[in-house]
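If you look up Swiss-Prot, you'll see 1-20 marked as signal peptide, on the strength of similarity to another entry. Annotation comment: Swiss-Prot describes Thr23 as O-linked glycosylation site. Taken from Swiss-Prot, the feature disulfide bond applies to Cys78-Cys126.
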Amino acid sequence: MYRMQLLSCIALSLALVTNSAPTSSSTKKTQLQLEHLLLDLQMILNGINNYKNPKLTRMLTFKFYMPKKATELKHLQCLEEELRPLEEVLNLAQSKNFHLRDTKDLISNINVIVLELKGSETTLMCEYADETATIVEFLNRWITFCQSIISTLT
């Protein structure tokens, strides 16, 4: 009698452990998504830092909120909340001499990747730092965040 209950308990425990444990393929997928996010952020930063960008000084006047602490994928919620202001600043800066190709597509790609990485259940309330960041600082910090998470996955 007790043997059957014990075996059932063991079977359920094993099923729970195997279904909730991250697999190497999910880790690999996460790493690839982070690498794509990293490339998109770097592409925006490179476009902004382009020596031909006459509107860089204007772009630097816009401020972005940064989380106090960004160490886990759930903190990508804070990046997601700043995507619309980022897109607006990038659109304002478009000119004949400076044009980031497909700004809307880049922001859309970033948004999709962020949603997949942080998970749909995330309802994290971002705790923002007291100081704001320029667009360059903002992008650099999120690039560093991606690099740091990628390094923990490899």
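For all residues, glycine too, the Cβ spot is worked out from N, Cα and C.
Could you give the neighbours, burial and distances for every feature on this list?
Cβ environment of Cys78 (disulfide bond): Tyr65, Met66, Pro67, Ala70, Leu124, Cys126, Tyr128 lie under 8 Å away, each six or more residues apart in the same chain.
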Suppose we draw a 10 Å sphere around the Cβ of Cys126 (disulfide bond). How many other Cβ atoms does it contain, all chains included?
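So the number of other Cβ atoms within 10 Å of Cys126 (disulfide bond) is 16.
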